[in-house]
Every structure is written in structure tokens, then in C-alpha cells.
Amino acid sequence: MTHPFLDLAPLSADRFASIEDRVARLLGTGQDVVIMQGEALLPLEGAIRATAGPGTTALNVITGPYGQTFGDWLRDCGATVHDLAVPFHTAVTADRIRQALAEHPEIDFVSLVHAEAATGNTNPVAEIGEVVREHGALFYLDAVASVGAEPVLPDAWGVDLCVIGAQKAMGGPAGVSAVSVSERAWARMAANPRAPRRSYLSLLDWKERWIDGGRTTLLHAPAQLEMLALEACVERIEAEGLESVMARHAAAAAATRAGALALGGGLEPYVYEARDAAPVATTLRAPSGVLASELVARALRSDPTLPLAAGGGALAKEMIRVNHYGPNATPGAVQGSLAALGSALAEQGLEVDLESARQAVEGAWK
Ligand SMILES: *Cc1c(COP(=O)(O)O)cnc(C)c1O
């Protein structure tokens, strides 16, 4: 008997190219889209190593843990890096970027994370893109946590390197990822003697041996199962409609925020302003005297399938993450998460209003 995962026909170059085209359509881009055979960290690192070198001056915007990592890679490439860090409870503004570019006119590379699932904020990329384009710098964007949850429009926003992964709002696999690459970005790579070549990190290998060859011969055996899962996930988004997938995420974020406020017990949105809060996931601040990691563990005891997590690293003390993305961008997941958090707070002697929270979620969803 043939096994559904194991006995597959090889994935053809045509099929691979058609999956790339479908991802390009999802991003509304006419740029080249390369599907990389690894988790999103592969194109995130590959794109920096391909474009940055000792001659690069970068503005690295830090609104969460990923921005920190990008700065480390840029420095490792020999780039001069100006970090622009904003507190995790807020977002960066286009004005702050304009100011930083005016202070250091030699900046020729800007790295930014669109939305951060780890901190729950989202940055105004359309406005920032205008400022970066005006300045002429290459614009690198991590859209892993935003794609599927809110608009991601590399062409309209002037993004030169836009990295996405399917494992968050797209509800897809984590083992392959994609990057759209502008002509300017390809030229920067071609001119960079340190850009990886004949390497798993290399974007230029894909350009020269896959794209320029008319996408007829793959560089190596593709991650076949993950490619099929990516195709299925894009198909499912197309069937539901991207607009309605994004609307589900926006509703989940608004409902979680409203529900948490109505619940009481000292629980508060971690991101102060609703406009800075990411549709992909909502972060909450635990009441003083309550450890977020303990509260989450207690809440998960009632239902381990709920999309709840404590913040990473030092944030585990104070931050609760409601990961209402992909299949969890539903009223049920949000209601269940707040009810479980409410019960856990009540067990610790805090006063909560479960019924108000339930009604607030219901009201905000519409
Ligand atoms: C989730 C995420 C990634 C991918 O990281 P994983 O932890 O492997 O899922 C990359 N960038 C951002 C901003 C993310 O939120």
C-alpha cells in the first residue's frame, strides 16, 4: 500500500515554480519570489549576509527580539549599525525613522520587523516605506508574523527584501519560507564580494542557477512535504479569501483586547495603544504580584490546546501571549483563552468578571 507522506512522486520544477508564483500573488508582487528550503530564519539571515558588508551603514530598528538578532548579523557582516530601539509596548513611527536617516545620511540599509508575535506590536510599514524610499536605502522587512494577519505589500511599500513564513497567520508549515527580492537588492548582492555563494544561505545561487535559467532545474532536492503543505495552505487562503483571513485576525486581536479589559483582575494589554497592537497575536501584562509563566501554566491545565504562552526570556515574568493566529483566529479560541486566564486569576484570589469578558469578546468580534 502506498503511504500518503512517503511514497510521493518527485516535486517537479514546474510545480515548485507554480508555488512560488502563488506566493507572489498573495503578496501582490511582481518581484522575484524565492522559496527557501528552511524555516524563515534562513532567508532572514541569507538576505542580510547577501546585501550587507563592511561598506554598509544600516539603520536597524528594534521593536522586539528579532530586531536584536538582525543587528548581530549586520555587525557580523562588517556593517556599521545604528540601532533604533523602541520599548516593546509601543511601535516605531515614520518620524523616528526620518530623524535617524537625517542624523546619519550615509545609511543605505534599513532593517525592520513588521509585526512581532513575541511582543505583540506592529509597525506602520507603508509610512516607513515612503521615508526609506525617499532616502534611497535598501529596505529589508521581516513579515513572518504579519503575512495573513494584515496587509503585506512589498511593491506598494518599496520593500526590497520581504521575508515571510507560513507558520503564523497563514496557518501553514514552518519548514519552508519565502523572500521577495527587488532588482535593486539583486544588484546589491551581485556587487557584494562577501555574499554567500555555493552555500545553503545563498540567494544568489537561486538567482543564477534557478531564476536566470528560467526555473527549469532545482538546485537540490526540495523539502517536498513542506512544499506541498505550503501549496495547500495558500490554496486554503485563496479559498477563504485573503481579506477574510486578515479580518479574522483583526477581530481576534480586537476581541482579546476588549475581553482582557472587561475581565479585570489586573490584566492589561501589554501594547498600550490599540493601533500599535499586532493582529497576529495579543500580549497581555500579568497583574503585579502574579508570575505570567505560572498563570499561563495554570490556565493551560484546564485546556492544554489553548493558544496561550508566556513571553520569552525575561518577559516570562510579566507577559502573557494569546497566539490567536492561523486556525486559532476564532471566537472559540479567544473565548477559551480568556475564560481559562480568568479562572486562573480567580484561583489566585483576584476578582474577575468572566461574563463581562465573554460579552466583550462577542461584541468586539462583530
Ligand atoms: C515567528 C517569527 C519568526 C519565525 O520564528 P519562529 O520562532 O521560528 O516561528 C520570525 N520573525 C518574526 C517577527 C516572528 O514573529
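Cβ from N, Cα, C; glycine included.
Taken from TrEMBL, the feature domain 'Aminotransferase class V' applies to 75-258. Under the heading N6-(pyridoxal phosphate)lysine, TrEMBL lists Lys168. Among the features that TrEMBL reports, substrate binding site is placed at Arg321.
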Cβ neighbours of Lys168 (N6-(pyridoxal phosphate)lysine) where a neighbour is any other Cβ within 10 Å: 25
Rounded Cα separation (Å) that holds between Lys168 (N6-(pyridoxal phosphate)lysine) and Arg321 (substrate binding site): 14
Number of other Cβ atoms within 10 Å of the Cβ of the residue listed as 'substrate binding site' across all protein chains: 24
